[in-house]
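Copied over from Swiss-Prot:
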- 303-338: coiled coil (COILED)
- 564-690: coiled coil (COILED)
- 809-846: coiled coil (COILED)
- 80-92: compositional bias 'Low complexity' (COMPBIAS)
- 143-155: compositional bias 'Polar residues' (COMPBIAS)
- 163-176: compositional bias 'Basic and acidic residues' (COMPBIAS)
- 177-189: compositional bias 'Polar residues' (COMPBIAS)
- C196-C257: disulfide bond (DISULFID)
- C222-C230: disulfide bond (DISULFID)
- C256-C265: disulfide bond (DISULFID)
- C1027-C1038: disulfide bond (DISULFID)
- C1032-C1047: disulfide bond (DISULFID)
- C1049-C1058: disulfide bond (DISULFID)
- 192-267: domain 'EMI' (DOMAIN)
- 1078-1210: domain 'C1q' (DOMAIN)
- N161: N-linked glycosylation site (CARBOHYD)
- T250: O-linked glycosylation site (CARBOHYD)
- N328: N-linked glycosylation site (CARBOHYD)
- N415: N-linked glycosylation site (CARBOHYD)
- N525: N-linked glycosylation site (CARBOHYD)
- N602: N-linked glycosylation site (CARBOHYD)
- N712: N-linked glycosylation site (CARBOHYD)
- N822: N-linked glycosylation site (CARBOHYD)
- N903: N-linked glycosylation site (CARBOHYD)
- N963: N-linked glycosylation site (CARBOHYD)
- N1000: N-linked glycosylation site (CARBOHYD)
- T1037: O-linked glycosylation site (CARBOHYD)
- 1-19: signal peptide (SIGNAL)
Amino acid sequence: MLGLKFLVLLSILWGRVFRLTNTQHSWTAPKDEDASLTPNHASASVSEILSLQVLSATQNPSTQGPAAAERSSEDDVLLQSTSQPSETSTPPEGRHQTPLEKTGTAVVSLPLSLQDKPSIKPSTGAGTVMLANATLKFLQSFSRKSDQQEVSTKSAGDMGNRSARETHLRRSDNSRNQRPSYQKPSFETTRGKNWCAHVHTKLSPTVILDTGSHLPSGRGSCGWYSSGLCSRRSQKTSNAVYRMQHKIVTSLEWRCCPGYIGPNCQLKVEEQQQLAHSNQAESHTAVDQGRAQQQKQDCGDPAMIQKLAEQLSQQERKLSLLQKKVDNASLVADDMRNAYLSLEGKVGEDNSRQFQSFLKALKSKSIEDLLKNIVKEQFKVFQDDMQETTAQIFKTVSSLSEDLESTRQAVLQVNQSFVSSTAQKDFAFMQENQPTWKDITDLKNSIMNIRQEMALTCEKPVKELEAKQAHLEGALRQEHSQIVLYHQSLNETLSKMQEAHIQLLSVLQVSGTENVATEESLNSNVTKYISVLQETASKQGLMLLQMLSDLHVQESKISNLTILLEMEKESARGECEEMLSKCRHDFKFQLKDTEENLHVLNQTLSEVIFPMDIKVDKMSEQLNDLTYDMEILQPLLEQRSSLQHQVIHKPKEATVTRRELQNLIGAINQLNVLTKELTKRHNLLRNEVQSRGEAFERRISEHALETEDGLNKTMTVINNAIDFVQDNYVLKETLSAMTYNPKVCECNQNMDNILTFVSEFQHLNDSIQTLVNNKEKYNFILQIAKALTAIPKDEKLNQLNFQNIYQLFNETTSQVNKCQQNMSHLEENMLSVTKTAKEFETRLQGIESKVTKTLIPYYISFKKGGILSNERDVDLQLKVLNTRFKALEAKSIHLSVSFSLLNKTVRELSMACRNASTGTCGQNALIPRWTKGSLPGSQSSQKSLTELVESIVEIKTQAALSNLTWNVDRLLSDTLANIVKPQKQIKLQKKPNTLKKTVNMTTILIGRTQRNTDTIIHPVAQEHSSCSSFPCQNGGTCISGRSNFICACRHPFMGDTCTVKIKEDDAVAPDFSKGSYRYAPMVAFFVSHTHGMTAPGPILFNDLSVNYGASYNPRTGKFRIPYLGVYIFKYTIESFSAHISGFFVVDGVDKLRFESENADNEIHCDRVLTGDALFELNYGQEVWLRLVKGTIPIKYPPVTTFSGYLLYRT
């Protein structure tokens, strides 16, 4: 008998605990207040609502006597939360009206439902016995519960039979009737062009109450003193099940457009002259600028608005956690209720009188208050923990957004610095006129600086990678420790269960001697309870096995990542070697051309300088001979008479001397011609060097422009990814799903990757800022960074590949240094050659002066007399000539040796230059991949952030649930020793039990106005699991979530898959008078065309400026429709052709045509075509522009553009 009492106590305590939990999660609101709520006040503080409901549930209605106090139990509180929230208004027609009972809290109490009163016929011979008043009250408390649920479902019958949309429309009609008559009930407004629409989108939580039915099997209960077999019966009971659902609600708010201020949105004084350029109404950029200008004019404080938004998001997360808890509580309540029904059947067979006093003791309010206090404390602790957790999460998110904003500002500064660097072109033109060797030295210095900067940049990422590895190891150890703690907690739970089982067995052994039938019933109940415990233990074991399997999966992923890193290392090394070989080949080809030029120069010098030296030596010898002869002839000049006589006799010798002088003059003239040719060739060589330098500078400037474009596009992609994360962060609907996600552990790694790339961009900004100060260095780096946009997106390089690349770069720089040294030697040789040329010129000038001085007296002497020579003078002249020829031979040998050294130096220089070119080409090809590898990490930031939030919420939820279960177990163990005591015996009067008629009904509480998106997710398995199978029918749009999907149906269809059509009486058109309409996501794109197009086909707009929704594909030039709705498109096309034509295409069908033709086809003219279109398009359709005839020129900034955006969804 004591075991029976214990089980009855246990079932009642569990039923009351979970009934109180369900009561706390109910959501009620007066009907009068629902009509006056604005969209901004729909998401009220859930903690305040829950506290009010708990307060109303715990009031003491003992002011009307014992009878009223007995009737106003916790079931009445549950009836208040589920019935229509209108206590003072008159019930509508068609609903069952119930009288009000006067209690202390004015609670609506419904009478018992006695429609079906089956009686149990006792066996013959049994006397008629009346039940006591206490027993009658006890049975009425159980029958009143089901009767109240029946009446509540009847009162909500009309709304249950109608759809969620109909209920919402009737509420909106009631609120619409209360508006003043001067308001206009339409979406149109009389506002002017100075007003702009601002869209606000948020998640609105809604509590859904459902009822579940249970049909127990087994024998029915018999009379109190019946004997023999009893008739078989079935009893159907219902219990409340609460669920939470999030609704996406978008509201429209009118504010002043950018440039307008004041309550009437008047134009500013400083912007009166710019009126023609400020007509954009609902542009995303204008809205962002308008927010900054309208912060002072808005009625609300921006800080308060931000604070309220954070509070709303916190409350939404709390509701999602409470939903899971309510579902679990409802399931446990079902099990305990089944146990209670089985006990109720057994009570009829017990003829003792101790049971009534035992039940009366159970209804004491001290236990009820104790349970309520414990639950309040647990919920308070849980609420504090959740507030702290969410505060930390939002703090982390805000810091991440600040870092991303600082990165964006830094990139903008880089762009500004690039614009300022264009002002240094005059300085660059002045440097082009300097000699080539200065440019080479500057290039050497720039390469040294680049090598130092690359070394500095490489050290920090390596250290960061080491820190990341240590962090990952610590996280793995922490996870192992958590698993160990989970095992310990599981063992403790099992030990507690074993102790409880031992206590139950002891109680059963003590009470086993009283009644055999009672022992069998208790054994069956105990076995059921033990089976339930075994099932829970098996579930926990399965969860543990799943955790272990997830751990193995993570370890396999880590091993796969290491293998991928090694493979990427090898592939990168092979690519680097190939690129270096290619660059070496190119540089060898260039040095070969340089060698040919130097060979031509050497040949020219050999052809000019060597003959010139020979001729100069001959002339010097002849001059020496002449001077010697003049000295000999000097005494003869004094004897003019005798010399004249001899000259007359020797005319032949004079003619020979004249011929020699003429030959000497011709040789001198030829020497002058050769000298002029040498100077001309020297000038040509210098001009060629200057032209090559100019071409080099031109190429560097072109590479600088292309590098700027690549950096701008890269930052555009990063900004789009950041905006995508920020826009979609609030739109997550499945934060309440507590399923285990094996990708949670990857969150830290992804976040670290994002942070490391932020630091790398900061280093990049610093290096670019230093490059701006040095023009040659800046141009060289821009030439290297040009290849950033040439690498395909599927190639990825990780941080470990940078070390190999830097080693190859260091080797290349060492080779370049050797090349520069050789070039410096070559420059010194060139200087020496120029010096010798100058010396030759001075010597030629001196010889010419000497010849002129010598010829003047020589011509005079020929006029006066002849020349006498003898054999001695001839011998002396021959000796002098021999010595001079020997000296010339020595000079020629010295020159040949110097030219051979010069050729050797030139060859070494060519080899070094080729090596340097191969190294630079390899770096040009490899550097762009470093930045390309960072794009997938930034695109996966959205998943990482959401998974981080879900992991933290799961941990906090598990901690709160474990604390709650521990307190309940402690309460049960404390009360176990105090309640099992002998009770007084009371007479039992016989009264037939009444069958409780239940009606399965679903009551939906709608919190806000919604258009065609109010869908109910039932626990029934759905046929479709994602949008890939196209589940939405009748033109509905499928919106994907994390674990399910939602169909946005078109009017007048509704349902999970848009298959239910609303009746004509209920199909009321949607009303947009209050500015609320269905969720409209941001979908917009703007692209331009900077390349030329000469062939017909789709126009591929290459420059992507805006792409919200990621629906435009630059590779195909097509815009894919993401949602069913009305879209607006605009296009502008420029052409120099005489005839241009094309089409606006939708899914391969030409919808619109644009054409322009000149009457005179031979005249070349510039024309611009513009057009716009508005279409209602469905999901999956594609839109593009197709050129049929004509060409599109290359122009930057571009003129040819194409844009579009989503106006509203249908």
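A Cβ is built for glycine as well, from the same backbone N, Cα and C atoms used for every other residue.
Of all the Cβ atoms in the protein chains shown, 14 others lie within 10 Å of the Cβ of N328 (N-linked glycosylation site). The shortest Cα-Cα distance between T250 (O-linked glycosylation site) and any of the recorded positions C196, C256, N525, C1058 is the one to C196.
If you take every residue in the domain 'EMI' (192-267) and average the pLDDT, you get 68. Distance noted between the C-alpha atoms of C1027 (disulfide bond) and C196 (disulfide bond) is 34 Å. Using a 10 Å Cα-Cα cut-off from C256 (disulfide bond), the recorded positions that qualify among C196, N712, N822, C1038 are C196. C1038 (disulfide bond) sits 30 Å from C196 (disulfide bond), taking the Cα positions as reference. Using DSSP to sort the residues of the domain 'C1q' (1078-1210) gives these counts of helix, strand and coil: 0 helix, 78 strand, 55 coil.
For the pair formed by C265 (disulfide bond) and C257 (disulfide bond), distance between Cα atoms is given as 8 Å, rounded to the nearest Å. You'll find the Cα of C196 (disulfide bond) roughly 28 Å from the Cα of T1037 (O-linked glycosylation site).
If you take the C-beta of C1058 (disulfide bond) and look for same-chain residues 6 or more apart in sequence within under 8 angstroms, you find C1032, Q1033, N1034, G1035, G1036, C1047, C1049, R1050. In terms of Cα distance, none of the glycosylation sites chosen from N328, N525, N602 sits within 10 Å of N822 (N-linked glycosylation site). Counting Cβ atoms from all protein chains shown, C1027 (disulfide bond) has 18 others lying within 10 Å of its own Cβ. When the glycosylation sites N328, N415, N525, N712 are screened for a C-alpha within 10 angstroms of the C-alpha of N602 (N-linked glycosylation site), no residue qualifies. Between the CA atoms of T1037 (O-linked glycosylation site) and C257 (disulfide bond) there is a gap of 32 Å. Closest in space to N328 (N-linked glycosylation site), of the recorded positions given as C257, N525, N712, is N525, taking the CA atom of each residue.
Taking a C-beta cut-off of under 8 angstroms and a sequence separation of 6 or more, N415 (N-linked glycosylation site) has the following same-chain neighbours: E708, L711, N712. Classification of C257 (disulfide bond) by DSSP places it in coil, neither helical nor stranded. In this structure, N822 (N-linked glycosylation site) is part of a helix by DSSP. All protein chains included, N602 (N-linked glycosylation site) registers 16 other Cβ atoms within 10 Å of its own Cβ.
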